[in-house]
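Asks: As annotated by Swiss-Prot, S-adenosyl-L-methionine binding site applies to GLY81, PHE86, ASP104, SER105, THR106, ALA132, GLU133, ARG151.
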Amino acid sequence: MTSGFALDVRNWTETLGWQPSPQQQQQFEALYHGIIAGNQRLNLTRITDPAEFTEKHLWDSLYGLRPLLTDDWSGEIIDIGTGGGFPGLPAAIALTKSRVMLLDSTRKKIQFLQTLAQELGLSNVTVAVGRAEEWGRDRRQRARYDWATIRAVGPATVCAEYCLPLLKIGGKAVLYRGQWTEEEAIALDRAVTILGGEVVDVSATFLPESGAERHCITLQKTAQTPAAYPRMVGLPSQKPLG
């Protein structure tokens, strides 16, 4: 494929503590081409430059999952509001023994991602059309997952209400943010206490090429989430906790 797509493997080794295999590098490139092709009919991403895509979709997705990259990890992840498949698809490529559920409320996007995952040979990916509020109240999904990821979905307090009900006790959620303020941190602490969790890590970094600021907020579920949460569809965003 001749698209200018290239991974700075040395940089990834230094910043992520992990190096993709040649097969994984091919899958990342195929993911790029698949997303660009799908972007012609679906609003998947505004990022189409290969170098920017590599930094802001691939590297950024994996930065929040650094603890899993060197651990030969084999748990179950749910990517909530996956949109164009980030961070779920990069996670599925990197974590070959994991199982990744891509959840989104837009059927056309989910149908596209299902086809793309098959084209990439990702047998560890499943997809579903749904809302996090509904899934968090479904007995088959509630308290099921080891990790949850959520990026570009809404305020951190809302993301916490989407994620924590779906996690097992001891499970973790990664909230991908840009800037992070003290006001947001205080509100999130209040919300996760209500939901049966705690904030266990706030990792600040800068993207390796553009220098854009990023924060990954890691939550851990420490107790069963009260049955009242998540609230009905729309309420978490209309009346955020915290």
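Cβ coordinates come from backbone N, Cα and C, glycine included.
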Asks: If you count Cβ atoms within 10 Å of each one, which of the binding-site residues ASP104, GLU133 comes out on top?
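Replies: Counting every other Cβ within 10 Å of each candidate, the maximum falls on ASP104.
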Asks: Measure the Cβ-based neighbour count of GLY81 (S-adenosyl-L-methionine binding site), defined as the other Cβ atoms within 10 Å of its Cβ.
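Replies: That number is 19.
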Asks: If you count other CB atoms within 10 A of each CB, which of ALA132, ARG151 wins among these binding-site residues?
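Replies: The most densely surrounded of these binding-site residues is ALA132.
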Asks: Max Cα distance spanning GLY81, PHE86, ASP104, SER105, THR106, ALA132, GLU133, ARG151 (S-adenosyl-L-methionine binders), Å?
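Replies: Largest Cα to Cα distance for the S-adenosyl-L-methionine-binding set is 20 Å.
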Asks: What residues, ordered by sequence, lie under 8 A Cβ-to-Cβ from THR106 (S-adenosyl-L-methionine binding site) and sit at least six positions away in the same chain?
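Replies: Within the chain, THR106 (S-adenosyl-L-methionine binding site) has Cβ neighbours under 8 Å at VAL129.
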Asks: Using DSSP and three states only, what is PHE86 (S-adenosyl-L-methionine binding site)?
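Replies: It is coil.
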